[in-house]
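Residues or ranges marked as transmembrane segment by Swiss-Prot: 2-22, 68-88, 100-120, 146-166, 171-191, 231-251, 253-273, 294-314.
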Amino acid sequence: MPMANLLLLIVPILIAMAFLMLTERKILGYMQLRKGPNVVGPYGLLQPFADAMKLFTKEPLKPATSTITLYITAPTLALTIALLLWTPLPMPNPLVNLNLGLLFILATSSLAVYSILWSGWASNSNYALIGALRAVAQTISYEVTLAIILLSTLLMSGSFNLSTLITTQEHLWLLLPSWPLAMMWFISTLAETNRTPFDLAEGESELVSGFNIEYAAGPFALFFMAEYTNIIMMNTLTTTIFLGTTYDALSPELYTTYFVTKTLLLTSLFLWIRTAYPRFRYDQLMHLLWKNFLPLTLALLMWYVSMPITISSIPPQT
């Protein structure tokens, strides 16, 4: 039975990820006054499956100078971690109900850095290595703000368990009392998933694709799949933390409908940003985090820590 549950979680995620790729190409197409993929199947709906067949039937290239073990392990690790992050997410019932669910997500997502670092180093290419170093610095930096924002929300919910966040938001979304945190969280998730305007790791103009330049066929597809799975996961987590949906035992299907709708809207915002914004300069990216986000999040964390103490110390008004 646990294996069936695991498959029932993984298969829909992979299908959603495939259609997210198609949706992105369609949105980019219409934003640029063209059609996008519209040949394979009705309205191009079978395009993701055609791409998958093409990539996985091609011969994978292994550069002669690369470190083969790490070169093959890196993309596999990237997708494994991307799928593993879904286990504690309540939709409305998690696959594994962890008491430290948020801590698990934070710790596991930081492991994704290793797959990028290994891929860049094992490729034995200057472009790949520079792209990997950029991606690692960016991901580690933005994890700092993500952790502080999570701590601030934990002070409001009182537990590391993600299911508790749903109970906390029965009457009021956490987005309303903590909207500055929510805005910084959303921008940090863009940076964490290496998306526009923070896609410096894949800077086509200067790095010719970045850390995955030496990859082709199946391993390249695995990196792509991991990236898009992470996008959906991050938006699902954002929905759980800031836009919590009330769970009604009498009509559980309503929870799923609202939950999926919010996640789709956030994911569409990711794609819209991709079409509209240019790429940041690397120094601007780091300046935004260390000079702006970090002081702000620390100040807000102190505010959320001190508020309950201050209120509890006020004598009752008789």
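Cβ coordinates are placed from backbone N, Cα and C, and glycine is handled just like the others.
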Quiz prompt | Chain residues outside the transmembrane segment (68-88) and at least six past its termini with a C-beta under 8 angstroms from it | solution = 9-10, 13, 62, 94-98, 101, 104-105, 108-109, 111-112, 114-116, 118-119, 121-123, 162, 214-215, 219-220, 222-223, 225-226, 229-230, 233, 236
Practice problem: Determine which recorded stretch among 100-120, 146-166, 294-314 has the most C-beta pairs below 8 angstroms with the transmembrane segment (231-251). | Solution: 146-166
Quiz item: Do any residues of this chain, six or more beyond the ends of the transmembrane segment (171-191), have a C-beta under 8 angstroms from a C-beta of it, and if so which?
Solution: 138-139, 141-142, 145-146, 149, 152-153, 156-157, 165, 197-198, 234-235, 237-238, 241-244, 266, 270, 273, 285, 288-289, 293, 296-297, 300, 304
